[in-house]
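Scroll down for the structure; my scribbles are underneath it.
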Amino acid sequence: MGPEALSSLLLLLLVASGDADMKGHFDPAKCRYALGMQDRTIPDSDISASSSWSDSTAARHSSDGDGAWCPAGSVFPKEEEYLQVDLQRLHLVALVGTQGRHAGGLGKEFSRSYRLRYSRDGRRWMGWKDRWGQEVISGNEDPEGVVLKDLGPPMVARLVRFYPRADRVMSVCLRVELYGCLWRDGLLSYTAPVGQTMYLSEAVYLNDSTYDGHTVGGLQYGGLGQLADGVVGLDDFRKSQELRVWPGYDYVGWSNHSFSSGYVEMEFEFDRLRAFQAMQVHCNNMHTLGARLPGGVECRFRRGPAMAWEGEPMRHNLGGNLGDPRARAVSVPLGGRVARFLQCRFLFAGPWLLFSEISFISDVVNNSSPALGGTFPPAPWWPPGPPPTNFSSLELEPRGQQPVAKAEGSPTAILIGCLVAIILLLLLIIALMLWRLHWRRLLSKAERRVLEEELTVHLSVPGDTILINNRPGPREPPPYQEPRPRGNPPHSAPCVPNGSALLLSNPAYRLLLATYARPPRGPGPPTPAWAKPTNTQAYSGDYMEPEKPGAPLLPPPPQNSVPHYAEADIVTLQGVTGGNTYAVPALPPGAVGDGPPRVDFPRSRLRFKEKLGEGQFGEVHLCEVDSPQDLVSLDFPLNVRKGHPLLVAVKILRPDATKNARNDFLKEVKIMSRLKDPNIIRLLGVCVQDDPLCMITDYMENGDLNQFLSAHQLEDKAAEGAPGDGQAAQGPTISYPMLLHVAAQIASGMRYLATLNFVHRDLATRNCLVGENFTIKIADFGMSRNLYAGDYYRVQGRAVLPIRWMAWECILMGKFTTASDVWAFGVTLWEVLMLCRAQPFGQLTDEQVIENAGEFFRDQGRQVYLSRPPACPQGLYELMLRCWSRESEQRPPFSQLHRFLAEDALNTV
């Protein structure tokens with residue numbers, strides 16, 4: 001028997017064994033080994049924090065140093081302080097342990113509750129939630145006790161952050177340990193349709209309730225969930241191995257009636273190139289209720305996100321005893337195909353497909369192997385590990401310890417919970433019936449005094465709540481000892497407090513767009529709702545580095561799963577005075593101010609006319625400057641007629657603005673001082689000697705382009721369906737060549753910004769000003785005006801985004817580049833040719849606009865474009881469509897757009 005025949009026989013045996021059970025699949029109950037915080041397997045360099053009262057890293061590990069990690073700032077009320085652990089590789093974390101500050105038995109700080117956030121790539125952070133949507137985890141009740149908490153569901157993560165909580169200003173300290181094992185499967189995310197609901201005698205919810213990615217337009221992408229949590233469903237899909245969950249919890253299911261194609265398509269992304277031998281899918285076959293095994297599976301492969309699917313797909317028809325109603329694992333041979341991305345289609349053989357787990361048998365492949373025919377996308381930045389030696393998604397690393405036993409969800413636990421609830425109810429009744437003195441007596445009986453002096457804890461010992469005392473302490477409680485101030489050497493004498501609460505300095509102001517608190521959920525599943533793709537990281541400043549060409553640090557996201565808008569990634573476009581701010585390239589310190597020196601403007605020469613808009617920390621005013629020619633020290637334009645005032649826009653920072661807001665305001669001044677172009681508003685001067693800080697820029701006498709064009713009629717009434725209300729022309733008119741001249745000036749100004757690698761991020765007619773002889777200048781304060789509030793989509797009540805002008809990659813990924821400005825220019829050109837009589841995508845709601853961005857990404861021909869304006873020639877409309885190309889590199893540069901509009905547009909038909 002040859003090697004090829006032997007290999008085929010082994011694979012067939014594997015497939016046959018998989019039909020009965022997923023024997024090689026990992027058991028999450030055994031993945032509970034201490035990962036190394038207490039025994040220092042995790043080095044100091046992998047432990048960091050938002051701030052720390054003491055520089056001692058030993059405190060983060062155990063009872064050394066100050067006895068625990070204590071944040072320098074108060075955790076109340078913002079809850080922004082965190083302790084971060086970098087595991088260097090992906091791990092499945094199933095259990096966490098916490099303890100308060102030790103300090104030789106003198107510490108009294110601990111955290112009563114905390115939250116967890118985790119990341120697989122260091123860019124996108126996700127908040128851990130239990131199966132009912134609760135984020136807050138109960139912590140310690142005293143500084144000595146160790147509290148172990150099972151994470152249900154477990155999380156696949158490389159980086160984990162602990163966020164302690166408090167209900168008032170107080171000192172909080174933590175010692176932590178993580179339990180789990182190495183994630184060997186290499187699966188980073190899967191994309192699948194949203195699970196559906198089966199209606200029997202009761203509703204059976206077959207949604208992926210623990211999925212930690214995003215949901216847009218009925219598609220889940222960018223995360224992991226129940227199909228990769230190690231929990232295999234029961235034969236009766238209405239029952240579950242978990243307690244207090246809804247019917248159907250263990251399975252994700254789809255109805256044949258909802259898929260006209262006859263199959264469910266899923267895509268899987270892995271950490272690096274792998275040679276795939278087989279895929280195991282645990283399916284339900286309770287055919288009496290409509291669940292059937294797949295009729296067949298078809299898989300395609302590719303090695304990179306931007307590459308085409310390679311070769312012929314692997315097809316496998318599933319047979320076997322389909323009449324047996326037991327759930328089972330079916331194995332699909334994959335023939336050793338090499339890929340990072342798999343797209344598999346599961347064919348319906350009955351009314352429903354129900355999956356509880358999907359795993360892969362694969363080996364890591366060297367990227368530079370000659371057998372692969374070239375080089376491919378680099379492996380992720382975490383250290384590579386040896387290939388798996390058996391069919392398991394996890395490698396158990398005992399580190400010389402025993403795994404922590406899992407608390408079984410037995411009837412005894414349920415009975416204890418019921419007894420506790422009854423006791424609490426009785427206590428409440430007694431409290432309502434008895435006097436206050438009796439209530440205090442009951443409370444005093446419940447108080448306990450800690451008599452122990454010193455404690456040594458090993459969090460790897462099994463148990464749920466562990467209290468270990470090494471030796472008896474004194475009868476009187478030890479004196480309180482504060483954590484050492486940073487830089488002070490240790491001392492042995494304890495410090496007795498004066499009885500007042502320790503007020504810690506608040507951290508610097510930072511706007512967070514992620515919302516952590518959610519209302520409690522009942523035993524039912526979450527209500528289906530439109531999930532807006534949001535990038536939930538905000539910055540204290542508003543200047544963002546645009547994308548530059550070159551090799552990325554990490555492989556780009558797969559192109560068949562709608563990308564996330566980076567969680568930890570909402571970019572706020574709004575500056576401190578309400579207008580948008582330019583995204584500027586990364587420059588060395590001080591380079592932003594390399595423009596001409598700013599000119600101090602005499603505040604007394606400004607005469608207020610009206611308020612144009614406002615933001616969180618400032619306002620934009622329209623002012624006049626009388627006799628500007630008298631201000632010889634200022635670089636004013638010379639086209640202001642003598643005796644006429646000069647119109648200027650004045651951005652004013654309120655005196656009560658935060659320090660960060662003041663810094664952002666001064667950054668904006670430096671950036672504006674660099675802009676010198678006839679089609680960009682210029683910085684004329686500043687008032688920064690005293691409050692309020694002001695910057696003075698150009699303003700044009702005809703106002704913004706949107707209001708200007710909407711008051712005009714098109715001269716060429718012969719153009720069929722020209723914008724208008726069908727009545728005789730009233731008011732001023734404008735010609736089609738003049739509209740092209742207006743658009744060419746906008747393209748010229750954007751061409752100048754592109755040469756500086758500046759990104760505008762809010763290009764629209766509302767942000768263009770009109771002067772004499774149809775002179776156009778691009779501005780930046782349209783976002784601050786209440787007049788245009790309907791043009792912006794408000795995210796979580798804070799950030800505003802002009803989604804109707806934004807490219808799809810801006811909406812889904814927060815990626816702003818010069819190419820995304822080209823997209824916005826195409827929409828602006830559409831506005832100009834419509835004479836600003838209609839809002840882009842006016843027939844769509846904001847949610848439908850976001851869904852349309854997802855259609856652009858999926859590129860399946862269902863995306864919607866703006867229609868051709870009646871007065872727009874076909875050749876010019878084709879130029880607009882090029883601006884809205886899916887691939888950013890296919891969009892024309894601004895130099896080409898300006899040349900076409902200035903020279904060739906009149907010749908188009």
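Just so you know, glycine gets a Cβ as well, placed from its N, Cα and C.
Annotated active site, proton acceptor per Swiss-Prot: ASP762, in sequence order. Per Swiss-Prot, N-linked glycosylation site is recorded for ASN207, ASN256, ASN366, ASN390. Residues or ranges marked as region 'Disordered' in Swiss-Prot: 45-65, 466-495. Feature annotation from Swiss-Prot assigns region 'DS-like domain' to 188-363. What Swiss-Prot records for 1-18 is signal peptide, and it gives sequence analysis as the kind of evidence. Summarising the annotation, Swiss-Prot assigns transmembrane segment to 414-434 and lists sequence analysis as the type of evidence.
Counted over every protein chain shown, other Cβ atoms within 10 Å are most numerous around ASN256 among the glycosylation sites ASN256, ASN366. In the shown protein chains, 28 other C-beta atoms lie within 10 A of the C-beta of ASP762 (active site, proton acceptor). Cβ-based neighbour count (10 Å, all protein chains) for ASN207 (N-linked glycosylation site) stands at 23. Take the Cα of ASN207 (N-linked glycosylation site) and measure to each of the recorded positions ASN256, ASN366, ASP762: the nearest one is ASN256. Across the residues of the region 'DS-like domain' (188-363), the predicted structure has a mean pLDDT of 90.
Between the C-alpha atoms of ASN256 (N-linked glycosylation site) and ASN366 (N-linked glycosylation site), the distance comes to 40 Å. Under the DSSP three-state reduction, ASN366 (N-linked glycosylation site) is assigned to coil, being neither helix nor strand. Cα spacing between ASN366 (N-linked glycosylation site) and the residue listed as 'active site, proton acceptor': 44 Å, rounded to the nearest whole number. Under the three-state DSSP scheme, ASN207 (N-linked glycosylation site) falls in the coil class. DSSP assigns ASP762 (active site, proton acceptor) to coil in the three-state reduction, placing it in neither a helix nor a strand.
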